[in-house]
Amino acid sequence: MTRPRPVVLIIMDGWGVAPPGPGNAADLADTPHVDEWMATCPFTTLGASGLDVGLPEGQIGNSEVGHLNIGAGFIVYQELTRISKAIADGDFFTNPAFLQAIEHVKQHNSALHLMGLFGPGGVHAHEDHLHALLELAHRQQVRRVYLHLFLDGRDVLPRSALGFLDTLEGVIARLGVGVIATVSGRYYAMDRDKRWERTGRAYAALVDGIGERATSARAAIEAAYANDISDEFVLPTVIVDAHGTPVATVRDGDAVIFTNFRPDRGRQLTRAFVDPDLNERIRQHYERQKAEGQPLPPQIWQRDRQLHDLCFVTMTQYEEGLPVLVAFPPRYVTTPLAAVISQAGMRQFHIAETEKYPHVTFFLNGGREEPFPGEDRRLIPSPKVATYDLKPEMSAPEVTEALLQAITSDQYDFIVVNYANPDMVGHTGSIPAVIKACEAVDAGLARVVPAILERGGVALVIADHGNAEQMIDPETGGPHTAHTTNPAPCFLIGGPGYGKDTIRLRSGGRLADVAPTLLELLELTPPADMTGQSLIVRNL
């Protein structure tokens, strides 16, 4: 059987699969062509949310993550999920950066410090990761382990730290390792706006033992609440013993593990520890601020001294060039689908209207801006309306025309198109408009698919996440405007040799399986890092 050409990936953005009902606009729409293909062609559904796309369990999918997974051909884990998965798998406890920090403190007979945002917020850090580090220290028999808790109050309730402290104290008691040495509101310890005077107060508590004083973390938090200060704004506080001496400070020869996985609010404090040119950098910053006529702080903070022989580990890469160990370095999508096609000398065409153009280019290509050799692109402007329920067809007719030109040019081996309508109109919450949006997509495919089949090509039709199939909120009965956790449809339309009598699409797939499926149709071998599996099962 000759290789199909072109192989076309059609992404019906936001068209999920759900039972019929008054809120399922995709089902309510008059879409005879899509309905027929779903019924008569090889069909399956794909996991497009939660763990299937590298998000936390139960989290709705989105277009950025969806297209990243589609193009990568493997599950692209977001940092929270990646670290939590490493804990579950056990890989966390053999992480080279963590083990190097532990070896450092053993060789220097020094202390291990764990610092980061405290609690289950999951935006910048997660308490499970801190608990796992305590477990690691216990397994490795590290005796001196000190905790520096940055209180949240933003990604969680403003005064919730005491509850998280109960949990942490239970872990410490169970493992017999860990002593809380400082607490500080994230306002100080996690500033990202070059307000160095805030960072300086946190650093002074951590390194010099200078700040508010309390006999325990609980006492520090309760004292703040008594002064009507919520978690975020708790002044950097040093925990002291019965003699008024700090329980611990970070010293020369120690090791620090910064538990934040989101980079932006970890950079500044990390620089305070490891940047040899910090004071000059701060001075230049305030000189620029002064030249721009901006107000300066009453006192410009300068680091008294930089710690020596410090082993500093960040959970993820906060910034290129920092002299730190990175526990979970960025995992780049080195050979996305478009790269494999390009390396084979094939031509490809990526098209969408403005709203979804970055998704079929930047995100599908693994975060790469530039096209690969042999990759052509076409951007169709989205209509300029206040909200897309006013024009539910959006630019689908124009996308279809340009797509037909690409197909009939016979230049391309692979084509990808995104129809934005079900998602973008779905966000308006208007069921009549979303019905029209789905009908506009059906009308476009009614013209496109025959042109593909006439040339001996095939079309793989999918969605990247759900939306249009759930327009009524099950809790409130009001409009539902968000994405869903419903699966995405996936069906293959082709000529002889591609019907249900010849092949089927396996169940249990996810978006990461799309690229290997397309490469099988293109008769190309997936690269080693493309761990997704083709959905095609050939009937014997």
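Cβ atoms here come from the backbone N, Cα and C positions, even for glycine.
Note that the coordinates shown come from a computational prediction; the quantities given were computed from them, not determined experimentally.
Positions annotated as Mn(2+) 2 binding site by Swiss-Prot, on the basis of sequence analysis: D13, S63, D464, H465. Sequence-distant neighbours of D464 (Mn(2+) 2 binding site) (same chain, 6+ apart, CB under 8 A from its CB) are I11, D13, G14, A48, G61, S63, G66, H67, I70, H359, A488, L511.
For the recorded site, S63 (Mn(2+) 2 binding site), the DSSP three-state label reads helix. Summarising the annotation, Swiss-Prot assigns active site, phosphoserine intermediate to S63.
The substrate binding site feature in Swiss-Prot is assigned to H124, R154, D155, R186, R192, R262, P263, D264, R265, K356. Using a 10 Å radius centred on the Cβ of H124 (substrate binding site) and all shown protein chains, the other Cβ atoms total 25.
For D423, H427, H483, the entry in Swiss-Prot reads Mn(2+) 1 binding site. With a cut-off of 8 Å between CB atoms and residues at least 6 apart in sequence, the same chain places Y388, N467, T481, A482 near H427 (Mn(2+) 1 binding site), listed in sequence order.
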Legend entry - Spatially closest candidate among D423, H465, H483, the listed binding-site residues, to R192 (substrate binding site) (Cα to Cα): H483
Inset, instruction - Could you state the whole-number distance in Å separating the C-alpha atoms of D423 (Mn(2+) 1 binding site) and H465 (Mn(2+) 2 binding site)? - result: 9
Inset, instruction - Could you state the whole-number distance in Å separating the C-alpha atoms of H124 (substrate binding site) and H465 (Mn(2+) 2 binding site)? - result: 25
Inset, instruction - Return one of helix, strand or coil for H427 (Mn(2+) 1 binding site), based on DSSP. - result: coil
Inset, instruction - Quick one: pull the CA-CA distance for D155 (substrate binding site) versus H465 (Mn(2+) 2 binding site), whole Å only. - result: 25
Inset, instruction - State which of the following binding-site residues has the fewest other Cβ atoms within 10 Å around its Cβ: D13, D155, D423. - result: D155
